[in-house]
Amino acid sequence: MRISLKKSGMLKLGLSLVAMTVAASVQAKTLVYCSEGSPEGFNPQLFTSGTTYDASSVPLYNRLVEFKIGTTEVIPGLAEKWEVSEDGKTYTFHLRKGVKWHDNKEFKPTRELNADDVVFSFDRQKNAQNPYHKVSGGSYEYFEGMGLPELISEVKKVDDNTVQFVLTRPEAPFLADLAMDFASILSKEYADAMMKAGTPEKLDLNPIGTGPFQLQQYQKDSRIRYKAFDGYWGTKPQIDTLVFSITPDASVRYAKLQKNECQVMPYPNPADIARMKQDKSINLMEMPGLNVGYLSYNVQKKPLDDVKVRQALTYAVNKDAIIKAVYQGAGVSAKNLIPPTMWGYNDDVQDYTYDPEKAKALLKEAGLEKGFSIDLWAMPVQRPYNPNARRMAEMIQADWAKVGVQAKIVTYEWGEYLKRAKDGEHQTVMMGWTGDNGDPDNFFATLFSCAASEQGSNYSKWCYKPFEDLIQPARATDDHNKRVELYKQAQVVMHDQAPALIIAHSTVFEPVRKEVKGYVVDPLGKHHFENVSIE
């Protein structure tokens, strides 16, 4: 068969195009992260779990300021510079120009980031009259739990590229607070378009941000697919596609990692650590955790309103046995809420010893020598601060039984667990925390302040004035030595009042395949992939 020169040329061109397409597909870089669960949603303003932040605020959004990856150092983000007034109450941010928004099938942006987006992102959380305030449940645990509605007097637009925050008082950690996930900046133009279309909740479900990756597809409990954002204002990611393979079981995550079905996994089973250290295909990274695992006592439920009962339950638990069985060498017993690596730590506090007889005596003083029944909520997922909540719950249940307290273990799907706990349905509930900004305020105020007991993450529902009178002045002064002293006193008060059983600080392990380069373990518990490459 003869082929004309014209047809021959077309054939060669076609083959060339095919070859180019194949080459491009071969060169495309995909990284698969075996995540531990499904996100609660894609708007980090509305949620508090690290699982949700990994899937939303980290890849999709930016903040005015950011934490340098792997540190708690605050660096420029969407704001390229800022000034703080002499009285510490006015912060002026100058926005980076040329920052582009993602798009999706429902919305194509017509402008770049400007001050309207910043004002909207904070006004939605602060202002009950904002049309978006109640959309998607309207729960802003961080913003409200940290007392920001009272702290922030006004967020105002100076011009298209300048925004000013006016505070009611100085706030030492305020700049670091703005690098946290709840302070992610959303598009006002997108919000307005979805409100006009009668589908405002799409702002939170189909995210549009300015981050290094944009969302392509989400299948609940299966996978999330992102692509590198070509218009990203920062350094473009070195991978083309990022996939979250949602894998709740740590053993299955490890099996996938070994088969190269994923390249990074979080929260390995402590029992697998020794094997991972011997695995030549894996780089086992580790870091002391800026975290704490604890069991909150709901002081609004009897008999936990009695401090003697809370102390008794604390004395009854053998924490050393828990550290050995649950953490298996990857954690240390905790006596304070903040970890010993954090400034302000009070090492003079004496921990509750394991003392069942003391526990029985305190229960007798409380009129409960015959014991009582109680619920014990166990997390359904692994977290960096608790690798096996079910096992921990069973051990606490057995210890309490020895002093006459009969505990019923309760659990729910993770999102439902958090929702019900926030509503205060529990008597005792396993929780934990990974620091968000390296400041003690992020532990004390976020987890145990009066404001957090109403709307935030204070699952003990503990509002105690002597404690409040220490942590509030500590956040209002920029005198570091004074802050240290106030936080040390706060730890004594918290120890004596026992609103929670403080259990452990864990070591964070991150198994990463050796083909992965540039991955950094983050002290704040996030998983960043924008600077990662694959060989």
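Including glycine, each Cβ sits where the backbone N, Cα and C put it.
Swiss-Prot lists a disulfide bond between Cys34 and one candidate from Cys262, Cys450; that candidate is Cys262. You'll find the Cα of Thr48 (glycyl-L-leucine binding site) roughly 20 Å from the Cα of Cys34 (disulfide bond). The secondary structure of Cys262 (disulfide bond), as reduced to three states from DSSP, is coil rather than helix or strand. Within 8 Å of the Cβ centroid of the glycyl-L-leucine site, not counting the listed residues Thr48, Ser49, Gly50, Arg383, Pro384, Tyr385, Trp433, Thr434, Gly435, Asp436, the chain contributes Asn291, Gly432, Gly525. A C-beta separation below 8 Å, combined with a sequence spacing of at least six in one chain, links Pro384 (glycyl-L-leucine binding site) to Gly50, Pro266, Tyr267, Gly289, Asn291, Gly432, Thr434, Ser506, Val508, Gly525. Long-range Cβ contacts of Cys463 (disulfide bond) within its own chain (separation 6+, distance under 8 Å): Ser449, Cys450, Ser453. Just so you know, the Cβ of Thr48 (glycyl-L-leucine binding site) picks up 22 other Cβ atoms within 10 Å once every protein chain is counted. Just so you know, the Cβ of Cys34 (disulfide bond) picks up 26 other Cβ atoms within 10 Å once every protein chain is counted. Maximum intra-site Cα distance, glycyl-L-leucine binding residues Thr48, Ser49, Gly50, Arg383, Pro384, Tyr385, Trp433, Thr434, Gly435, Asp436: 15 Å.
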